[in-house]
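K.L.:
Here it is, the structure in full.
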Amino acid sequence: MKRFMKLTAVWTLWLSLTLGLLSPVHAAPDTSVSNKQNFSTDVIYQIFTDRFSDGNPANNPTGAAFDGSCTNLRLYCGGDWQGIINKINDGYLTGMGITAIWISQPVENIYSVINYSGVHNTAYHGYWARDFKKTNPAYGTMQDFKNLIDTAHAHNIKVIIDFAPNHTSPASSDDPSFAENGRLYDNGNLLGGYTNDTQNLFHHYGGTDFSTIENGIYKNLYDLADLNHNNSSVDVYLKDAIKMWLDLGVDGIRVDAVKHMPFGWQKSFMSTINNYKPVFNFGEWFLGVNEISPEYHQFANESGMSLLDFPFAQKARQVFRDNTDNMYGLKAMLEGSEVDYAQVNDQVTFIDNHDMERFHTSNGDRRKLEQALAFTLTSRGVPAIYYGSEQYMSGGNDPDNRARIPSFSTTTTAYQVIQKLAPLRKSNPAIAYGSTQERWINNDVIIYERKFGNNVAVVAINRNMNTPASITGLVTSLPQGSYNDVLGGILNGNTLTVGAGGAASNFTLAPGGTAVWQYTTDATAPINGNVGPMMAKAGVTITIDGRASARQGTVYFGTTAVTGADIVAWEDTQIQVKILRVPGGIYDIRVANAAGAASNIYDNFEVLTGDQVTVRFVINNATTALGQNVFLTGNVSELGNWDPNNAIGPMYNQVVYQYPTWYYDVSVPAGQTIEFKFLKKQGSTVTWEGGANRTFTTPTSGTATVNVNWQP
C-alpha cells in the first residue's frame, strides 16, 4: 500500500463561458435517489433480510432449515424481499426518514444444514455463497429482487447489497462431504469445490490466527473456503457477478471482510465497478475497542472504497452505553478522524450491527440509545441504523444480535428521533457535508457544531441522567435569533436564543437532554461537499456534490481545467464531469462558478492510468537485515512513479511464499508494458536492486504473476 504524491499539471486550460452563450445542462439534485455516488445526504437502514418481515411464506425453506418461531436463531425465520417491499409500501421505512436500505447478500447460498457442536446452522445470514449470479430463493426470485429495487426507488430509497467475495461457504480439507464442500457455481454451472481443487480456485494454507495482515488474507477465515483472487477464473467471475447486480439497479455495495482479501485485487475490483457503473462502496474491517490499525485508515484512503467507521462505533458505545470514556474521548475521536481519513464524510457511521452486541441492553436505559442515535444522525459520515434499534432490540453476540424484529411501532421515542433528524441530511448541507467543531464540553456534556458554508447545525448532549448542565459562554456560528429544538423536546431539549456574534444566552440542559438547532441559507460561493467515486480512469464521469452556482463554470483537476463538453451536467447542488486524460496520480478537485469564485479543495482523488488488473509480483533470494523490508516501484502511478516513498509494500514473505521470497498482489494498468524494480527499505535508507529496469506486459483481463530473482 502507498500514499501517492499530489500531481500538479504543468499546463492550464481556462474555460470561459459567456453568459447566455451556452445554456447550462442540469444534473439531479444532490439529494436525489438517482445519486448513486454520494450517500452523505442519506440515512441507511441495515436489514438482516431473514429477520425483518416475511412477505411471502411460500418461499420459506422447509424441514430442518426453517424455524417459523425464530427460536433457533441459526435457522431461517422467513424474512424476504417481499416483506421489505411491504414495509416500504406501508410507510414504516419512509415514515422513519430512511432513504437507503442495506440488505443481506442476495446471492444463492448453500442449502445444507450444518451441525456445529450439536446445533443446526444455516445460511440465513447470506454469507455462505455458492453462486454469486443467482438469488437466494429464501429471500425471493430475481423478479422479486427487481420489484424491491423498483419499489424502493419509487419511494426515494436507495438499495445497498452486501457482497462477500472473500469466500464461499464452510468446507473441510479432510472431508469433502462436509456441508457443500465450499463449491462455487457460475449461474448453475459447477466451477469447483474446496477439496480436489485442481483449478486452484481456493487458498489451501489453513485457518488464519489473525496474527498479521498477510495471515488474514491468504488463510481461511474460520472454516470458510477462501477464494484465490489471483486465479483469473475467480477474478473474472466475481467482477462479472458484481456487474450483473449493478445492471439490476443496486445503488451501493457493502463489501464484507476487506481486511481478509488482497488489497491490490480489491483496488482492481473497485476500478471495475467505478469504470462500469459507479456506486457508493464501503467495506467492513472490524476493529475492537481502542484498537489502532494504520492499515485500516490506509485502506480507507487508497482502496477506492469507504469503510464502516468502527472507531466511531466503539467510541460511541464507550461514551453513551458503557460509561468507560467521557465526552473528551468522544471529541478526541472526532478530531482524530479528521486527520486519519482523507475524506471523513464518506465513512459509514453506526453504533451496532450484526457483528457486535446490540447497543441497547435488556432493561437498559433507553435514553442512552436515543442519545447515541441522535449523535450518529447529526455527526459527520453516512449514518447506518441497525434494524430494530428503533424498537429497542437487545441481544449479545451472534446470533442473539440477529433476532426477528419484534414489532413495527412508529410511536417509540427512538423511531421519532430518527424520524425528526434523518430529514436534516437532505435539508441542511451542514449535516451532510459540514465540518465539526466542539463548542462546549465537560465530562458529561458536549455541544458541537456542523458547518458548511453559512449553513449551521448545533447539537447539545448531556449524558448525565441525573444532573442538569448549566451552559454558559456558548458561542456558535448561528445568526442572531431564536431556534427551536429540531427534536421538538422529545429528549428534553430546549429553545436556544442567540445574540450578536453567535453568543448564546445561558441555559440549562436537562438531565439526559439532547437538542438540535439549525440554520440554512443559500451559498454565496461554490463549496464542495462530496466527490464520487474517488478513484477512476480518464473518461469516467464523476459526481461533485455541494453548492456551486446555477450558471456553469469550471472544474479543475489540479490546475487542469475541464473543457465545456466534458462538463456533463451542472446544477446548483450537483456537477457531473468527465475525468480528463491527465497523468495517473492524486489530484485536488475544485470548482469555480461563472463569476470566477473558487470553491474549497476536495483532495485525494486518484486518476488511474487505465483499466486495472491484478498482478502478483514475486521476488526470490531477497535477503534482508533485521528491520529491513522489500518494496516494489515502477513507472506508473499505481507503482509509485519510481518514488521510494510511494513504493508498494512492505511485501509479504510468510504464507504463499516464504522468506527470502517476497510477494504482493498489485493493481496495475491493464494491457500495458510497465517498468518496475524492487528495493529494500529500512527507515530512510533505500537499497535498489541492480541491473536494468524490468519490464512486463500486463494482461487485458484476469490476473498474472511475475516471478523473478533479486538482481545484485
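In case you wondered, yes, glycine gets a Cβ from its N, Cα and C as well.
As the structure is a computational prediction, the values presented were derived from the model and not from experiment.
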K.L.:
Say Swiss-Prot lists ILE217, ASP226, HIS260 as binding Ca(2+) 2: which of ASN166, ASN181, ASN301 is in the same site, per that record?
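P.N.:
Among the candidates, Swiss-Prot records only ASN166 at this Ca(2+) 2 site.
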K.L.:
Quick one: DSSP breakdown of the region 'D' (523-608) into helix, strand and coil?
P.N.:
3 helix, 48 strand, 35 coil
K.L.:
Count the other Cβ atoms sitting within 10 Å of the Cβ of TYR127 (substrate binding site), across every protein chain shown.
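P.N.:
For TYR127 (substrate binding site), the 10 Å Cβ neighbour count is 20.
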K.L.:
Looking only at DSSP and grouping its letters into three states, which state does ARG402 (substrate binding site) belong to?
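P.N.:
Helix, per DSSP.
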K.L.:
If you skip the near sequence neighbours and keep only those at least six away, which residues in the chain come within under 8 angstroms of HIS167 (substrate binding site), Cβ to Cβ?
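P.N.:
Spatial neighbours, sequence-distant, of HIS167 (substrate binding site): ALA129, GLY182, ASN220, LEU221, LEU224, ALA225, ASP226, LEU227, ALA257.
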K.L.:
Measuring CB to CB from ARG402 (substrate binding site), give everything in the same chain under 8 Å that is also at least six residues away in sequence.
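P.N.:
In sequence order, PHE48, ARG51, LEU73, HIS125, HIS354, GLY395 meet the Cβ cut-off.
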K.L.:
Any same-chain residues 6+ apart from LYS259 (substrate binding site) with CB under 8 Å of its CB? Would you list them in sequence order, or say none?
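P.N.:
Non-local contacts for LYS259 (substrate binding site): ILE213, GLY216, ILE217, TRP285, PHE286, GLU295, TYR296, PHE299.
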K.L.:
Within 10 angstroms of the C-beta of ASP223 (substrate binding site), what count of other C-beta atoms is obtained when all protein chains are considered?
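P.N.:
By my count, 19.
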K.L.:
Per DSSP, what is the residue count of the region 'A1' (28-165) in each of helix, strand and coil?
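P.N.:
In the region 'A1' (28-165), the DSSP-based counts are 36 helix, 32 strand, 70 coil.
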K.L.:
In the region 'C' (434-522), how many residues does DSSP assign to helix, to strand and to coil?
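P.N.:
For that range the per-state counts are 3 helix, 44 strand, 42 coil.
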